[in-house]
Amino acid sequence: MPRKMFSCDFETTTKLDDCRVWAYGYMEIGNLDNYKIGNSLDEFMQWVMEIQADLYFHNLKFDGAFIVNWLEHHGFKWSNEGLPNTYNTIISKMGQWYMIDICFGYKGKRKLHTVIYDSLKKLPFPVKKIAKDFQLPLLKGDIDYHAERPVGHEITPEEYEYIKNDIEIIARALDIQFKQGLDRMTAGSDSLKGFKDILSTKKFNKVFPKLSLPMDKEIRRAYRGGFTWLNDKYKEKEIGEGMVFDVNSLYPSQMYSRPLPYGAPIVFQGKYEKDEQYPLYIQRIRFEFELKEGYIPTIQIKKNPFFKGNEYLKNSGAEPVELYLTNVDLELIQEHYEMYNVEYIDGFKFREKTGLFKEFIDKWTYVKTHEKGAKKQLAKLMFDSLYGKFASNPDVTGKVPYLKEDGSLGFRVGDEEYKDPVYTPMGVFITAWARFTTITAAQACYDRIIYCDTDSIHLTGTEVPEIIKDIVDPKKLGYWAHESTFKRAKYLRQKTYIQDIYAKEVDGKLIECSPDEATTTKFSVKCAGMTDTIKKKVTFDNFRVGFSSTGKPKPVQVNGGVVLVDSVFTIK
């Protein structure tokens, strides 16, 4: 008999000296009439022991702290051996919570346990967005989180409705996922499983063989993220009119149309020599460099005390640098930089194939373009979650919770643990091609480029640039969508900028439009780490380095669980 599954949620107090759950709710996924809302954590945990089901909380990092704190205070201890009256967790080194598995004992050989998962890992959006995107017949409401609610507080009708809506939105969304066969712990795992189902596991293992951990570690040194760069010319200055374009599904579009690696790599010494059987390669290279006049810098060196990890470099400084580069990245560097004292050390070369992901992407593109609501959103999720799984870090050493003397949770690093890599070369080349796409477009607009962010280019002026004029479309895979046109803007640093975007009013809402159609502007604030509450305080006058405001909730572990304490956010 399949295990029952429930969507769950806690509402908690906001005081450091009185941290507790004042309301809980659970609803069975696939049977929405089976739900309960109550006001006692003890009562909820009693149900957890009896139900032996799979539970989903949206943001387990928060709610899970209350559960683990309760378990520790009630005689349960952490163990990964499945012993009675113990619990196991999957919490990453970075503090991401994936699972809590509570073992109550055994009936014969059958383990009596309840497993708690994070629905945020399967649906990585706020509840409000899920309700809207999935076109569910519910809306996430609002309550006063800071109201006084003493122990035994009687839940008001408004609070009851709020909690019920929250658990029902997630229950409905997960039910749709499960009925589509998306039953893994994360969206990325669902996506990888979907790809294997199309290719077949046997063929997958042949095309993408398991590499040794030492080889994976070396190849991983060529793995880099998106290209995010602000042109110094426009830094901290108010700019006039401009445009933003972004690539439709940047990473899937590279997977669809670019030559990508497969099979076991061949190690080579020295400089790569042309090999038609193995045309893709990663080159380990030591060199000095100087940016050419009129070119965008593309070299970023992380985990090096001599360089800022987020800075794109104009020169190599006093010493040569050593980098692992795909042939895609190396080609860009050779175009953008003068290279000196070059030493080609060694590398890996790969077979190539275009279209490995064609069937998978075609399948989900069809769903995305022909369906609405939930199925469309699931298609987008499947679409965007696959590339990252290939480069999953095999080091899965996690954190282990324990109870500190003050009754709060602490975390220590667990024993070293590794899993097999998936196929890191694929992630390395997909991201390299993505950077190539963005950088080559930006470089062709050198006299206009303000800013790049992974899949987007921000330009001065209101003319569509020549390099993309024939590939502008709001939906086509790999084409550039015209995101917006702004009247004025100010950029301070990567992922920190404001814009007055041309807009018009339609049915009481401001819709972005061309300058010719505009009747007003829409103020947009993009700032990593800044909450919506603080964004409401931002203006063109006060938006600068040093801007500071309260309104950023900071989680603090205390006796009982977690309290979100108001803290100060500063643009540095």
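Backbone N, Cα and C atoms are what each Cβ position is placed from, and that goes for glycine too.
Cross-referencing Tyr251, Tyr256, Tyr262 with the 5-methyl-UTP binding residues that Swiss-Prot gives (Lys368, Lys380, Asp455) picks out Tyr251.
Proximity of Ser119 (site 'Essential for 3'-5' exonucleolysis') to non-local residues of its own chain (separation of 6 or more, Cβ distance below 8 Å) is seen for Ser7, Tyr56, Phe57, His58, Ile170, Ala173, Leu174, given in sequence order. If you average pLDDT over the region '3'-5' exonuclease and strand displacement activities' (1-222) in this model, you get 94. According to DSSP, the region 'DNA-binding' (223-226) comprises 0 helix, 0 strand, 4 coil. Secondary structure at Ser249 (site 'Probably involved in binding template-primer structures'), taken from DSSP and collapsed to helix, strand or coil, is coil.
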